[in-house]
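Straight from TrEMBL, the features:
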type	residues	note
DOMAIN	21-183	domain 'GTP cyclohydrolase II'
BINDING	Arg62, Val63, His64, Ser65, Glu66, Gln83, Glu105, Gly106, Arg107, Thr127, Thr162, Lys167	GTP binding site
BINDING	Cys67, Cys78, Cys80	Zn(2+) binding site
ACT_SITE	Asp139	active site, proton acceptor
ACT_SITE	Arg141	active site, nucleophile
Amino acid sequence: MQNKLNETDKTSGSEILLVAACHLPTPWATFELHGFEEVASGREHVALTLGAVADGAPVLTRVHSECLTGDALFSQRCDCGPQLEAALAAIATEGRGVLLYLRQEGRGIGLLNKIRAYALQDQGADTVEANEHLGFPADSRDYSVAAAMLRSLGIATLKLMTNNPRKVHALERYDIAVAERVPHIIEPNPHNAGYLRTKAERLGHLFPWPEA
Ligand SMILES: Nc1nc2c(ncn2[C@@H]2O[C@H](COP(=O)(O)OP(=O)(O)OP(=O)(O)O)[C@@H](O)[C@H]2O)c(=O)[nH]1
Ligand SMILES: [Zn+2]
């Protein structure tokens, strides 16, 4: 691990620095936690790995975008928290895998703008309309930093846990191969059913949306 510290990756469009790594015990497994800095923006991202991920075989992978409300505050407006837990559990069951935790909150618009978007949704807008009303695209995320982090960890081929085909294509654009898309579907609740329906109908997510 030590010899990888301070390694940079400029090949994917994002220059990153692997700053430090440590063990991270969790309820599912003791992962290795790798802390990265995105040089241009100073944004800090982390990766959790388990097992020998750099051996060339496809790696069970979750590329998770930050959702403070869902990941840390138990929000039921979205499916992020349960998806995060399910991904860590799946990697632990497999005994090998990686979870990238990317600091692109609110599909890239940031926490406070996401709260603005939620306020508009409280008035009846859907998640796409709310972003557009605020002057943002429906999804501003960029996966070049994800590709750089994967490369730094020695990972080139994924079994990617996602329902979002645009995430698959975005990673492939940065020369990360997705050998398999693994559906990552969470049972809906009464608060997120509309959000999941909009993701299916307007954002192209691949899951059957709940009946109204
Ligand atoms: N702007 C905005 N962002 C949201 C909203 N709800 C969740 N998010 C953000 O959306 C991101 C998660 O993206 P999702 O669209 O739920 O899922 P995904 O990552 O594209 O796809 P999966 O891999 O299938 O989970 C996180 O950064 C959340 O903070 C919302 O209503 N508005
Ligand atoms: Zn969320």
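Just so you know, glycine gets a Cβ as well, placed from its N, Cα and C.
Just so you know, TrEMBL annotations never went through curation; they're auto-generated.
Overlay of TrEMBL feature records on the structure.
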residue	record	DSSP class
Arg62	GTP binding site	strand
Cys67	Zn(2+) binding site	coil
Cys78	Zn(2+) binding site	coil
Glu105	GTP binding site	helix
Asp139	active site, proton acceptor	coil
Thr162	GTP binding site	coil
Chain-internal residues, separated by at least six, CB under 8 A from Arg62 (GTP binding site):
Gln83, Leu84, Ala87, Ala90, Ile91, Gly97, Val98, Leu99, Leu100, Leu160, Met161, Thr162, His184
Given Cys80 (Zn(2+) binding site) and His64 (GTP binding site), what distance in Å do their CA atoms have, once rounded to a whole number?
8
Listed binding-site residues are His64, Cys67, Cys78, Cys80, Glu105, Arg107; which sit with C-beta under 6 angstroms of ligand 2?
Cys67, Cys78, Cys80
Using C-alpha positions only, work out which of the recorded positions Glu105, Arg107, Asp139, Arg141 is nearest to Cys67 (Zn(2+) binding site).
Glu105
Could you please provide the mean pLDDT value for the domain 'GTP cyclohydrolase II' (21-183)?
97
Those binding-site residues in Arg62, His64, Cys67 whose CB falls under 6 A of ligand 1, listed in sequence order:
Cys67
